[in-house]
Amino acid sequence: MLKIGSYSFQSRLLLGTGKFPNYEIQKRAVEASETEILTFAVRRMNIFDQAQPDLLEELNVKNYTLLPNTAGAKTAEEAVRIAKLAKASGLCDMVKVEVIGCDKTLLPDPVETLKASEELLKEGFTVLPYTSDDVVLARKLEELGVHAIMPAAAPIGSGQGIINELNLSFIIEQANVPVIVDAGIGTASHAARAMELGADGVLLNTAVSGANDPVLMAEAMRDSIIAGHKAFRAGRIPAKRYATASSPKEGMTVS
Amino acid sequence: MNCKINGENVKVEPHISNVYELLAAYGMENKILVVEKNGTILEKEDHINENIQDGDTFEIVSFVGGG
């Protein structure tokens, strides 16, 4: 069970809704993933195009917990405004705090992320900040009272997998709130690895939406996160430099 | 009336007097959206009581795909 603030979830996969080839594939991928949390962005509506499909209606969002992000914000003030706009929909009180500090790497601005998180906690939001893999920043966010910490595995959309396993494992070890690895996942083994390291969940988007077969990749991610989490709970054997026979040394038919 | 909606200058028919009617004029009264008027976020139930005046600025936002 993944517990974030007052929410509980069976699934440990949080799925983004960006850049799917079309709504039909997106819908099938979301179903295949068995996710319970969907992320969204907040943007101006095209009021002059009444025929535009409504993403939320297409996905039957009542079945999911919505996690709007503050993507597009470059300051704490902008992030807080976007979060408040999202909450005013009456559909959610969770927010993924995302304050980008670098256009090229899309890495988060740590100072503004901290400020925005503090303000949103005061406003009563369930706050999930997207951070770099900075161990001290993760601790400071937790001290503020955030409900989960979401360190990047690698830059957003890069598909590189976990760049710094050591930092990520430090963050996981010190945290008393869920750690959700967010961004940079490329394939199922990356998600499994995050869970093997002890992450509480994985948030991904492009790895599924950009795959050749997004529905099949959604299934792969679902399975890998379950497998990685089971392996973590089971406790892996230590890695050894040399071989250890698994068959008995006694009673051999050859001498 | 001249208003600004999502950064664009828009002529609003004089018979439109509140936010609900403004949304209805664009066929959006039942859509999932949030309206900010002159920098203040409106609750959905207040749309019908929120008057529109010449020079008002609106942001009308919704959820789109994102990660």
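Every residue gets a Cβ built from N, Cα and C, even glycine.
Predicted automatically and left uncurated, TrEMBL annotations should be read as such.
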1-deoxy-D-xylulose 5-phosphate binding, same site as A:Ala183, A:Gly184, A:Asn205, A:Thr206 - TrEMBL member from A:Gly157, A:Gly198, A:Gly228: A:Gly157
A:Gly157 (1-deoxy-D-xylulose 5-phosphate binding site) to A:Lys96 (active site, schiff-base intermediate with DXP) - Cα separation in whole Å: 16
Inter-residue C-alpha distance, A:Lys96 (active site, schiff-base intermediate with DXP) and A:Ala183 (1-deoxy-D-xylulose 5-phosphate binding site) (nearest angstrom): 12
Cβ neighbours within the same chain of A:Ala183 (1-deoxy-D-xylulose 5-phosphate binding site) - under 8 Å, at least six residues apart: A:Tyr130, A:Ala152, A:Ala153, A:Ala154, A:Pro155, A:Ile156, A:Gly157, A:Leu203, A:Leu204
Which same-chain residues, if any, lie at least 6 apart from A:Gly184 (1-deoxy-D-xylulose 5-phosphate binding site) yet have Cβ under 8 Å of it: A:Ala152, A:Ala153, A:Ala154, A:Pro155, A:Ile156, A:Gly157, A:Ser158, A:Gly159, A:Gln160, A:Gly161, A:Ile162, A:Ile163, A:His190
